[in-house]
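Listed in TrEMBL:
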type: DOMAIN; residues: 34-484; note: domain 'Major facilitator superfamily (MFS) profile'
type: TRANSMEM; residues: 25-43; note: transmembrane segment
type: TRANSMEM; residues: 113-134; note: transmembrane segment
type: TRANSMEM; residues: 140-164; note: transmembrane segment
type: TRANSMEM; residues: 176-200; note: transmembrane segment
type: TRANSMEM; residues: 206-228; note: transmembrane segment
type: TRANSMEM; residues: 291-312; note: transmembrane segment
type: TRANSMEM; residues: 332-353; note: transmembrane segment
type: TRANSMEM; residues: 360-380; note: transmembrane segment
type: TRANSMEM; residues: 386-414; note: transmembrane segment
type: TRANSMEM; residues: 426-448; note: transmembrane segment
type: TRANSMEM; residues: 460-479; note: transmembrane segment
Amino acid sequence: MQSRTVGLAPAFSLFPNLNTPHKTFTFHQILVLVITFVAYASFHASRKPPSIVKSVLGPSVASNSSSVDNGWAPFNGTQGTQRLGELDLAFLSSYALGMYFAGHFGDRIDLRYFLVFGMMGSGILTVVFGLGYWMDVHLLGYYMTVQIVCGLFQSIGWPCVVSLVGNWCGKEKRGLIMGVWNSHTSVGNILGSVIASSVLDFGWGWSFVLPGLLVIVSGLLVFLFLVVSPHDLGFEEPGKEMEIEMSLADNVEATLRKPEAEDAGLLGTADEFDESLSAIGFLEAWRLPGVMPFAFCLFFSKLVAYTFLYWLPYYLRHTAVAGVHLSHKTAGILSTVFDIGGVFGGISAGFISDKIKARALTSIAFLTLSIPALIMYRIYGSVSMFINIALMFISGLLVNGPYALITTAVAADLGTQESIKGNGRALATVTAIIDGTGSVGAALGPLLAGYISSRGWNSVFFMLIVSIFFAGLFLVRLAKAEIKEISSGEFIAASDPQS
């Protein structure tokens with residue numbers, strides 16, 4: 001990606017040994033992966049508190065349709081679950097809307113400053129939400145407004161970090177590398193769950209304040225140490241050689257067609273060279289091969305993943321396991337098992353898709369297996385704690401595998417595909433389109449769960465299973481093409497006498 005930069009991060013002036021030739025390309029590549037991992041893990045840690053405090057703010061286990069418990073107004077009444085669902089919608093809908101604009105800007109301005117701006121805003125607003133506890137705020141409009149603005153700031157994070165990793169990592173083993181790197185989502189969820197649950201007894205406000213401060217501290221780390229592009233340190237970007245060769249070929253051809261440009265040199269002007277690498281438009285990115293089916297697949301996949309993200313602790317609190325209702329703290333910590341499974345799901349999906357060179361086929365396989373896993377979890381998850389943990393882990397692995405794969409390796413593949421000559425300036429835009437569309441589903445899932453859960457949790461799980469079915473349906477044609485390509489490759493290899 002050719003993002004505009006305004007100089008190296010301050011740490012490179014404070015610590016000269018970080019500069020070349022003291023440190024290798026591999027060192028800086030790992031440093032970028034670590035910094036972006038920490039950055040996005042902190043984003044997700046700050047998103048987790050609403051799910052942890054739901055059982056404290058909303059109706060209690062003993063509440064019924066005609067009673068009002070001692071939760072936190074305006075979320076403690078008979079319509080409490082609906083209000084909590086609307087709160088999730090406020091955050092996630094602004095997040096989805098902001099994602100499209102964030103990708104557009106991310107391809108045109110300095111990514112380090114843009115990412116830090118998003119992190120500082122997210123951290124401050126997460127703290128402001130928690131301050132409602134000490135200020136004794138009971139106005140729905142206050143919490144809705146904070147969540148809407150916070151969602152806009154949070155939308156900056158994903159296009160930025162994916163573009164940064166795309167700058168530093170080539171396509172070789174991209175699925176595995178990004179599968180491991182993308183565990184920041186689950187690690188952030190786990191960290192946020194543990195932090196928010198551990199301080200819940202001191203007041204639910206602390207469950208927001210501490211994760212908010214974590215994002216702010218992580219933003220300082222990004223500001224001090226992040227390098228946007230290998231070019232800024234004098235390195236060649238991975239895979240850039242082919243991109244340059246293609247650009248040179250285009251400019252040579254253009255020069256041969258236009259003799260009047262001879263005085264500008266064989267390669268043409270700098271503007272002509274940069275034009276082939278200019279950021280693409282929003283509609284143009286939508287029309288790229290594979291973007292639309294993967295975007296709509298992620299719509300339904302993220303609907304499922306975020307329903308678990310925002311409602312699993314509440315579900316565990318309100319569903320007896322072995323005949324016993326869990327405490328707020330235990331339910332919050334236990335919900336991390338789903339995210340632990342998600343870590344293994346993202347890594348395994350990336351590894352498998354690299355091996356068979358088929359992203360869509362891998363995603364469909366995980367989605368298909370997740371349907372019986374969710375059915376088993378709903379039916380047998382309450383039998384014992386061991387069965388609950390085992391089935392929750394498997395469900396997290398299968399549900400989060402495709403979600404992690406599509407938002408990372410697939411987005412990076414589609415944003416640097418041959419049809420745009422490997423133009424990295426499209427990466428943030430394509431990433432924002434895919435994840436932004438997925439975030440619309442993420443906004444609808446928790447909202448629908450808030451309303452449907454009043455009819456019973458079987459209805460919620462039915463909604464999740466139907467969503468998974470549609471997610472797989474959008475990838476059928478791509479998966480068929482991948483199977484055909486794999487079969488053709490095997491046939492050629494088998495018919496080659498030297499193979």
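All positions are counted from 1 along the displayed chain.
Cβ coordinates are placed from backbone N, Cα and C, and glycine is handled just like the others.
Ranked by the number of CB pairs under 8 Å to the transmembrane segment (140-164), the listed stretches 291-312, 332-353, 426-448 are led by 426-448. The list of residues near the transmembrane segment (176-200) in space but at least 6 beyond its ends in sequence, with Cβ under 8 angstroms from a Cβ of it, reads 33, 36-38, 40-49, 51-53, 56, 165, 169, 206-208, 210-211, 214, 309, 313, 328-329, 332-333, 335-336, 339-340, 342-343, 346-351, 354, 396, 400, 404-405, 407-409, 412. For the domain 'Major facilitator superfamily (MFS) profile' (34-484), the predicted model reports an average pLDDT of 83.
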